[in-house]
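*Asks:* Take a look at what Swiss-Prot says about it:
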BINDING   Thr11, Lys43, Leu75, Arg89  substrate binding site
BINDING   Thr11, Phe12, His19, Gly90, Leu91, Arg92, Glu100, Tyr125, Ser126, Phe127, Ile128, Ser129, Ser130, Thr131  ATP binding site
SITE      His19  site 'Transition state stabilizer'
Amino acid sequence: MSKTRVIYPGTFDPITNGHVDLVTRASRMFDEVVVAIAIGHHKKPLFSLEERVKLAQLSLSHLHNVEFVGFDGLLVNFFREQNATAVLRGLRAVSDFEYEFQLANMNRQLDHHFEAVFLTPSEQYSFISSTLVREIARLRGDVAKFVPQAVVEAFEYKHQQGW
């Protein structure tokens, strides 16, 4: 039987406890989980690709069937390159579903092997987003409840650098 391989794509700017929750749960469902960190040119990320990969690695080091890859370009092409079984997406709200449903169907039009798997977050993480976390951190609020310790320290470093 072939191994199951799921891709969890995102910009992860920064990785949050909600992301960690989804990857942890996916690691029990799939043989291999690829955390695919998008370069995200259009989003102008706070953290560089290298920083985001490192923060994800530090935050998920307890999981042994997870790998971390930076990527650019179409997700469906990356899906093929990785010989993936499916793509994992988190759904926090109905508005997420509408967008993800459209995206999954578009990707399936590009490659009929494309499959999307949707997970809802654990209740305590359902409201967390990287955007909200960045805004709280920018205003020097306490984000320790929302992100792994490595991210808290990365924000502290950004503040020391004048952010």
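Cβ atoms here come from the backbone N, Cα and C positions, even for glycine.
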*Asks:* Have a look at the binding-site residues Thr11, Lys43, Leu75 and say which one has the shortest Cα distance to Leu91 (ATP binding site).
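*Replies:* Closest recorded candidate to Leu91 (ATP binding site) by Cα: Thr11.
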*Asks:* Quick one: give me the count of other CB atoms within 10 A of the CB of Leu75 (substrate binding site).
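*Replies:* Step by step: centre on the Cβ of Leu75 (substrate binding site), count other Cβ atoms within 10 Å, giving 21.
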*Asks:* What's the number of neighbouring CB atoms sitting within 10 A of the CB on Ser130 (ATP binding site)?
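*Replies:* The Cβ of Ser130 (ATP binding site) has 24 Cβ neighbours within 10 Å.
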*Asks:* CA-CA, which of the binding-site residues His19, Glu100, Ser126, Ser130 lies nearest Lys43 (substrate binding site)?
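*Replies:* The answer is Ser130.
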*Asks:* Ile128 (ATP binding site) to Thr11 (substrate binding site): how many Å between their Cα atoms?
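*Replies:* The Cα atom of Ile128 (ATP binding site) is 15 Å away from the Cα atom of Thr11 (substrate binding site).
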*Asks:* Which of these binding-site residues has the least crowded Cβ, counting other Cβ atoms within 10 Å: Thr11, Ser126?
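*Replies:* Counting other Cβ atoms within 10 Å of each of the binding-site residues Thr11, Ser126, the minimum falls on Ser126.
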*Asks:* Of the binding-site residues Thr11, Leu75, Arg89, which one sits closest to Ser130 (ATP binding site) when you measure Cα to Cα?
*Replies:* Thr11
*Asks:* What is the separation, in Å, between the Cα atoms of Arg89 (substrate binding site) and Glu100 (ATP binding site)?
*Replies:* 8
*Asks:* A 10 Å Cβ contact count, applied to the binding-site residues His19, Lys43, Arg89: which residue has the minimum?
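*Replies:* The binding-site residues His19, Lys43, Arg89 were compared, and Lys43 has the fewest Cβ atoms within 10 Å.
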*Asks:* Tell me which residues of the chain lie with their Cβ under 8 angstroms from that of Glu100 (ATP binding site), as long as they are six or more apart in sequence?
*Replies:* Arg89, Leu91, Ala116, Phe118
*Asks:* Whole-number Å distance between the CA of Thr11 (substrate binding site) and the CA of His19 (ATP binding site)?
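*Replies:* Taking the Cα atoms only, Thr11 (substrate binding site) lies 11 Å from His19 (ATP binding site).
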